[in-house]
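Trainee: In case it helps, Swiss-Prot gives these features for our protein:
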{"type": "BINDING", "residues": "R39, R45", "note": "NADP(+) binding site"}
{"type": "BINDING", "residues": "R132, S133, S134, N253, A254, G298, K313, P314, I315, P316, T317, R339", "note": "FMN binding site"}
Amino acid sequence: MRYLTAGESHGPQLTTIIEGVPAGLYITKEDIDYELQRRQKGHGRGRRMQIEKDQARITSGVRHGRSLGSPIALVVENNDWKHWTKIMGSEPITAEEESEMKRQISRPRPGHADLNGAIKYGHRDMRNVLERSSARETTVRVAAGAVAKKILSQLGIQVAGHVLEIGGVKAEKTNYESIENLKKVTEESPVRCYDEEAGRKMMDAIDEAKANGDSIGGIVEVIVEGVPVGVGSYVHYDRKLDSKLAAAVLSINAFKGVEFGIGFEAARKNGSEVHDEIIWDEEKGYTRATNRLGGLEGGMTTGMPIVVRGVMKPIPTLYKPLKSVDIETKEPFTASIERSDSCAVPAASVVAEAVVAWEIANAIVEQFGVDQMDRIAENVEKMRKLAREF
């Protein structure tokens, strides 16, 4: 499977076209809208989320609630477009109109794509860069992820994302009873944190950063349960599932690090404290005594829960902006200010869920590759049975 997205942050709409979804997948507009609404929530979101009421329009590839096997096209309209029709319109304008146009940007923001993108594409107005590099694009990535999560759900695979850390405040309570309980608790948390006390402190940290005109980042974790053994491959670098997951997580706006299982902590431990001992269980078959490697060995799944974490840096748009240089005058100035969040880590956990779900669903569809959803489900069950009886 693959998908492409199109659209600017303040353009008329965002679009994604998804190719390769098996026929017979049960998917509705409500399934996608539910994920879009989750992305919009979270303590620390900016005023833009008060304007947008993200809902998907399915324009192809689904009939009567089931996928057809043809490309699925999804559209999410931008409510804010009505305020930007002239500034972001596609029709040509005169030189006089361009010189009078408001909201042109010549002062790049440190940490953003503004300056590098302007140099690369030759844009004197850096709005041409920031409109596409904006995290608003993740709206339709979450929509694509919603389709992937439906594939996984119909194969008995569950995905849950939550927040482990914001602004230096760490969740101490992380031993959730079940993935269902993890979902229940985090959906009720304004910061999507399983540890309620830590969640309150995270909210205080976000409020303090906002009051100071600053922003803060954090760490999110995605857990996937029910993936059969052997998804991925050790044969080539580009078929290793952990490499695909790492690339997907790092492709999320502002993400600068990724780890699996105990992650970088493995560098400070002996091998006997890192690797997961193999045991035999009468019901499960081969399993592991621990899950320090996060459900992945040799580029393949082990049957244990997949555990992926991503590090999100603070958002680079600051209401107390850093020093920059005006590209027209070359004079020092403070950077431009765009309406933004003070912390988007809770929402980013939903985006991380989406991209992780996509990569796993894609690997399963590729590995058990047939064009019908029910036949893929049959093949996945055969693999589970084979692993138990091996």
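Glycine is no exception: its Cβ is also placed from the backbone N, Cα and C atoms.
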Trainee: Taking the Cβ of A254 (FMN binding site) as reference, which residues of that chain separated by at least 6 in sequence fall under 8 Å from it?
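Mentor: Listed in sequence order, they are A135, G217, M312, K313, P314, I315, P316, A344, A348.
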Trainee: In sequence order, what residues of the same chain, 6+ apart, have a Cβ less than 8 Å from the Cβ of R132 (FMN binding site)?
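Mentor: Same-chain residues close to R132 (FMN binding site) (Cβ under 8 Å, separated by 6 or more) are E8, S9.
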Trainee: How big is the gap, in Å, between the Cα of S134 (FMN binding site) and that of R45 (NADP(+) binding site), rounded to a whole number?
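Mentor: So the alpha carbons of S134 (FMN binding site) and R45 (NADP(+) binding site) sit roughly 14 Å from each other.
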Trainee: In the structure shown, which of the binding-site residues R39, R45, K313 has the fewest Cβ neighbours within 10 Å?
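Mentor: Taking R39, R45, K313 as the binding-site residues, the minimal 10 Å Cβ count falls on K313.
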Trainee: According to DSSP, collapsed to three classes, what secondary structure does S134 (FMN binding site) have?
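Mentor: It is coil.
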Trainee: Give the number of CB atoms, excluding that of I315 (FMN binding site) itself, located within 10 Å of its CB.
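Mentor: Other Cβ atoms within 10 Å of I315 (FMN binding site): 26.
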Trainee: Using DSSP, would you call R39 (NADP(+) binding site) helix, strand or coil?
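Mentor: In three-state terms, R39 (NADP(+) binding site) counts as helix.
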